[in-house]
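Below is one structure; the comments refer to it alone.
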Amino acid sequence: MGLPMSDPTAWATAMNNLGMAPMGMTGQPLLPDFDPALGMMTGIPPINPMMPGLGIVPPPIPPDMPAVKEIIHCKSCTLFPPNPHLPPPATRERPPGCKTVFVGGLPENGTEQIIMEVFEQCGEVIAIRKSKKNFCHIRFAEEFMVDKALYLSGYRIRLGSSTDKKDTGRLHVDFAQARDDLYEWECKQRMLAREERHRRRLEEERFRPPSPPPVVHYSDHECSIIAEKLKDDAKFSEAVQTLLTWIERGEVNRRTANNFYSMIQSANSHIRRLVNEKAAHEKEMEEAKEKFKLALSGILVQFEQIVAVYHSASKQKAWDHFTKAQRKNISVWCKQAEEIRNIHNDELMGIRREEEMEMSDEEIEDPSEMKETEESALVSQVEALKEENDSLRWQLDAYRNEVELLKQEHGKASRDEDTTKEQQLKLLQQALQGMQQHLLKVQDEYKKREAELEKVREDKLKIEALLETLKEQESSMSRVCACSQEKEGPVEKTLNNSPVKSEREALLVGIISTFLHVHPFGASIEYICSYLQRLDSKVGVPISPFPRASLGSTFICTTEVEVLMTRLQTTFKQELSGVGASLEKKWKFCGFDGLKTT
């Protein structure tokens, strides 16, 4: 203990860096006026992990700079720092809530008092459990004190000035796992979890919506209050909920039935208001749809312009001047723009299809009525604009008269009132200008409405002309049909007494007789005509409203064939077969029956 120091200044500097009062080997202070707040660097307080209560960890040391540790002197021992070029001592993984450290490499003659003297500088020591094999466990009061104790790992300890092997050792400080530390850490975590749950519960209660107020019981006074609230649009929802609760509770009886009926009637009176609000919202929705459609069409126009730019750039006249990378970028951009344009175009077409599907059949089938309604709406708008125009003109005349009166009064008034009159005159002039501008706008709108009205009238005249032409075509068609019937009528009347008039008719009679003789149950006139068509390749009998057949170069009507068969009643006869909708006319050959009768 009485060993003199070779360089007291070096000892004082080293202990000053550690933030401790410089002490000699005998325990006497080397510098009586030592200030712990002073360090080697001006303005920076000393960083000493050995100071109790600081709760800090030593600053990180750069890897290329060796850690410099100084000698530590105690009353009973001295701690010498390890070689700074050696790697730092290894430590195990830190257990949660660790407050206990393992200290190995103690001298054999080391006692608990010496261990307490060395490690109490790191903080408050709660317990020391020393083993006989030169190691011990030290439990501190706080976790940060363990970091200070780890700072001493690697130091060589020497008891007093002895050089005996039993009085020396190399300290190895490491984290230790203790049940008490783990229990205290778990308790602390549970406490923090409880605080967090409590904080969340308070936060949820703060943001939770308040519960609805309880519904009052029925009474005549409350009934009168609710009846007044039902008439107010702002308080209707609250009042109708109370009314619903009363009805569900069974408050309706003979005595209160009239009151409840009046309240129900008041609730029913809000239906018209709600319908009007719904119509207003639908109108706003339609306007929004129209705006969206217009904006989308504008976007499509711009897309078309961009795509046109790409296509024009892809032409050989400009394409040859671009580099390969530029051409690739232009082609990719063109494809992307076309895809986006097609997507937007499909969306716009879908909107238009939906609008077309929503159109009613009456509007499609009856364009004239639609034009009339539009015309009536335009006429009403034009009349309203006329009335507004007249009222604006009258207001303009009134303002002009007021301006003239003000001018006259301005000449007669005194100088004190000049400023106020000028201000009024300016205001009136501004109002007059505004009215004139509004009048011009109204006149322009009136002209536009008149032009639209003229267009509607022209469309109406065109539709009427089309209807007249259609009627004339129908009348002409009916006349043609009548003429054809009149032409066929005289043929029947001008028949000679002889049933067969020409060789062609005789040929037809022969062919038809042979055909009907083969079909004893009869055949229809269409079947007979189809047989004639198959018989001769030149015969063509189309089944139509005016069917025709040709034999050779002469054309005949099916009605004429039927008339011919009707004339020869002794050769052909007509019978009806079937009932109701299946009624059918068939012709049969009866030539042999006629011979027998003759």
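The backbone N, Cα and C atoms fix where each Cβ goes, glycine too.
Checked against TrEMBL, the range among 96-123, 180-207, 264-291, 488-515 recorded as coiled coil is 264-291.
Same-chain neighbours of the coiled coil (264-291): 227, 230-231, 233, 236, 240, 243, 351, counting only residues six or more beyond its ends whose CB sits under 8 Å from a CB of the stretch. Per-residue confidence over the domain 'RRM' (99-178) averages 91 (mean pLDDT, predicted model).
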